[in-house]
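These notes are about the structure you will find just below.
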Amino acid sequence: MKRRRLFFSVLLSILTLFINGPLITTAQSPPSSSTSCNRICGGIEIPFPFGIGRRDCFLNDWYEVVCNSTTSGKSLAPFLYKINRELVSITLRSSIDSSYGVVHIKSPVTSSGCSQRPVKPLPLNLTGKGSPFFITDSNRLVSVGCDNRALITDIESQITGCESSCDGDKSRLDKICGGYTCCQAKIPADRPQVIGVDLESSGGNTTQGGNCKVAFLTNETYSPANVTEPEQFYTNGFTVIELGWYFDTSDSRLTNPVGCVNLTETGIYTSAPSCVCEYGNFSGFGYSNCYCNQIGYRGNPYLPGGCIDIDECEEGKGLSSCGELTCVNVPGSWRCELNGVGKIKPLFPGLVLGFPLLFLVLGIWGLIKFVKKRRKIIRKRMFFKRNGGLLLKQQLTTRGGNVQSSKIFSSKELEKATDNFNMNRVLGQGGQGTVYKGMLVDGRIVAVKRSKVLDEDKVEEFINEVGVLSQINHRNIVKLMGCCLETEVPILVYEHIPNGDLFKRLHHDSDDYTMTWDVRLRISVEIAGALAYLHSAASTPVYHRDVKTTNILLDEKYRAKVSDFGTSRSINVDQTHLTTLVAGTFGYLDPEYFQTSQFTDKSDVYSFGVVLVELITGEKPFSVMRPEENRGLVSHFNEAMKQNRVLDIVDSRIKEGCTLEQVLAVAKLARRCLSLKGKKRPNMREVSVELERIRSSPEDLELHIEEEDEEECAMEINMDDSWSVDMTAPASLFDLSPKLDVEPLVPQRTW
């Protein structure tokens, strides 16, 4: 047995020598960015690119750390200079499994009723040229106390919050802050850079309530079992939140990163076996993150030579695998050598270097190939099940979807169609994933929607979109061509719509402007027809729940295509409404739905009314350029209707070529759609018929126009009045050009 073990050890040694070849075994020590730089403050290590003191101790101002006294004055603590927040820890990216470095900082607690005056800290602002920081999605909003309503503010167009109370069923104690004495909500997944916390009582009054209540952001997990009284959080004064950080490659200083040279945008590359850098894209900016190769190196990749070779022989890893052979360290690895050349001669002299070695190598190669193939099959089955494949089959069968019209694509087909998901083929990016342009083997152009890393909570949302689209067949609705469930993240394949979205065409000036009044009126007729089909003509009635101009795509002939069913819901024929979490977009959200959480077909009608107003005025749903009381487009339009000056707000680009009677007729129809009470609004079938009549019979309009009661004036959800959201970083929906994206902006409110 002993000789057999030695035999296999010899074969392993020869194979290792063959693969590795002669390698240099010396290791290098990394030079510091500056030998005199202080790397410790308050017991916390400050690794480069962060630093304290002189400018050569840190990369740039965003990475500067100031070592100051704490508020008590008894000790020193590190502070990030640019954002003036106390540091708790800094972590470099350690492996390919993480996509960025991590910084933990202290965040103040928002409170009310705990002292004579409420405490509302300033929002955390990470914006600025070259800012490497963003708020990771591992953080949560947590609120503790009775009758609380906590909101995350400064998130552009989204609503996120939660409520807690001390009344009701105490069985909710078993949940993780499920609403009894404490609650929590996820922050948006699109990495916001400005974020704050607002706190009020459930009655809406931020100054009353009497009892102490607190709210804060944190990456720690809380449950009723470990949540203390709100006074304790108020006394502590702060919690810990997590920030991600990366290198901005637009900085000229980082054209050649300090640790890895010759950065390119082709994905992963290595400047040496010890250091690996990875390129990515965030909010339109390129960035990189580097880490020491996990196999045989550790250290700081942002210093020249900072990744140091690990001596596996000294640490025991190599010794345990070499057995009776000698472990020899080599850069990034180790190898096993014979103690003496003479020992090999008495042991199978003609076999050691002959055919057995060849057969052994071939056998190992065949075994590895078989195992890899088997693992690949198992992984595909696992991904299919985890991505909701069984649920999708059940839904298609239950709903009577046309299975033949939706193809199940293989991952190889989609990799070939998108050139292995090349970044140059990206059509748009959103909160839920990335859309690529692809070409199938039969020449068809498609849009491939690749979701982000799978969240088990979103499996049902993904399957819902597939189930809804598989049963829809309408010329003005984006067609689902198929899906792929055998990859780690689910993938949807749609028909490609070449001319982008309606929002971009309405609000971006261009020399080849084609959005005349006739085109706009035709588009409104097509959208209304598509929504009417969803509400009443589809095999199962469907509420879209996120009707807006960014979800209306235009084909090569500028025909409207309704897209994005990520928040849609199918209903039974005898149902009149759905009770759901509030989901939608500021400026388009039905006030009645917002107040009752009951979504009806009239809620889609309201959102379509906002789209009609956009088509008439050419203005955005929300704009800080308008007076404060009319920043919302609905309020602005309603005021003009009251004062009989609708023609003053008609888009100047279409005034000369439009029929004013048609514009007035559409404006009055929009006003009916924007009625405060849903029962006063027409249904989508009536809206579609009326728009068809306006378009085809412009000479006979006044006979069919009904005046609305003044008390039924439209209202809207106003970001400033209803939620106290400070617009510090406006979204493209309001002030800036939007990204070309078929993803829904889905603000969510968790109660």
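Cβ atoms here come from the backbone N, Cα and C positions, even for glycine.
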Disulphide bridge to Cys322 as given by Swiss-Prot, partner from Cys307, Cys336: Cys336
Per Swiss-Prot, the disulfide partner of Cys277, chosen from Cys290, Cys292: Cys290
Member of Cys292, Cys327 annotated by Swiss-Prot as disulfide partner of Cys313: Cys327
Least buried by Cβ count (within 10 Å) of the binding-site residues Leu427, Val435: Leu427
Helix, strand or coil at Tyr593 (phosphotyrosine) [DSSP, three-state]: helix
Helix, strand and coil totals (DSSP H, G, I; E, B; other) for the region 'Atypical EGF-like' (275-336): 10 helix, 31 strand, 21 coil
Tyr494 (phosphotyrosine) and Val435 (ATP binding site), Cα-Cα, nearest whole angstrom: 10
Tyr494 (phosphotyrosine) versus recorded positions Gln429, Asp546, Tyr593 - nearest by Cα: Gln429
Gly433 (ATP binding site) CB neighbourhood, other CB atoms within 10 A: 24
Rounded to the nearest Å - Cα separation of Gln429 (ATP binding site) and Asp546 (active site, proton acceptor): 17
Cβ-based isolation winner (fewest other Cβ atoms within 10 Å) among the modified residues Tyr494, Tyr593: Tyr494
Inter-residue C-alpha distance, Gly433 (ATP binding site) and Tyr593 (phosphotyrosine) (nearest angstrom): 27
